[in-house]
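Heads up, the thing below is written out as structure tokens.
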Amino acid sequence: MANLGCWMLVLFVATWSDLGLCKKRPKPGGWNTGGSRYPGQGSPGGNRYPPQGGGGWGQPHGGGWGQPHGGGWGQPHGGGWGQPHGGGWGQGGGTHSQWNKPSKPKTSMKHMAGAAAAGAVVGGLGGYMLGSAMSRPLIHFGNDYEDRYYRENMYRYPNQVYYRPVDQYSNQNNFVHDCVNITIKQHTVTTTTKGENFTETDVKMMERVVEQMCITQYEKESQAYYQRGSSMVFFSSPPVILLISFLIFLIVG
């Protein structure tokens, strides 16, 4: 994880360093940049070959070559190249400027990542979250009757679990115990409201199924919590902070 972060940071520094240097390079002069490419050909008073009637060669009204009304090359009314009425590039009259439009708000990547990792918070359950749907595990109960009963009724059992963040528990057993109790309670209440009742066999099987899913949820949440902690430690180290400050200097400067 640390090696990958270092390589990503090095690549980021190299990219922005090149962009920062490009921003500070002066723009070279060229065709139609306003300055003369042949300064020795002009006289102090103006053109070496002054036009008759005030215009240049092929200039009937004082514009440049091919300029009928004093605009630049291909400019019929004095605007920039491709500007028919004097506006900016691609702007017809300059009255529809896009510069004053407010920028759209950006969603914080940190908030998006946190929401995706933590799951959806369930209202009215005191901070419990609902995990993503899982495939119900294949469990053997030790006899043919219960195994067959489970296969025939597994669709009636939960495929999602309720849980709290792993940092609120001291160990896996406490997390799993709380996860099993709240999940079975919520599923039983919801299903009973719909007119369906559970037998003792159903409750026994639900406990086994939900326990396996809660263990899977704990492992998933623990891994995500560890990765978030490692990222915070990496980006809070002094060398990384110094490099980020240098990148900001290049971008702003």
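Numbers run from 1 along the shown chain.
Positions of Cβ are set from backbone N, Cα and C atoms, glycine also.
The following features are taken from Swiss-Prot:
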- H61, G62, G63: Cu(2+) 1 binding site (BINDING)
- 52-95: compositional bias 'Gly residues' (COMPBIAS)
- N181: N-linked glycosylation site (CARBOHYD)
- N197: N-linked glycosylation site (CARBOHYD)
- 26-108: region 'Disordered' (REGION)
- 51-91: region '5 X 8 AA tandem repeats of P-H-G-G-G-W-G-Q' (REGION)
- 51-59: repeat '1' (REPEAT)
- 60-67: repeat '2' (REPEAT)
- 68-75: repeat '3' (REPEAT)
- 76-83: repeat '4' (REPEAT)
- 84-91: repeat '5' (REPEAT)
- 1-22: signal peptide (SIGNAL)
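Ranking the glycosylation sites N181, N197 by how many Cβ atoms sit within 10 Å of each one's Cβ puts N181 at the top. When the Cα atoms are compared, N197 (N-linked glycosylation site) and N181 (N-linked glycosylation site) turn out to be 18 Å apart.
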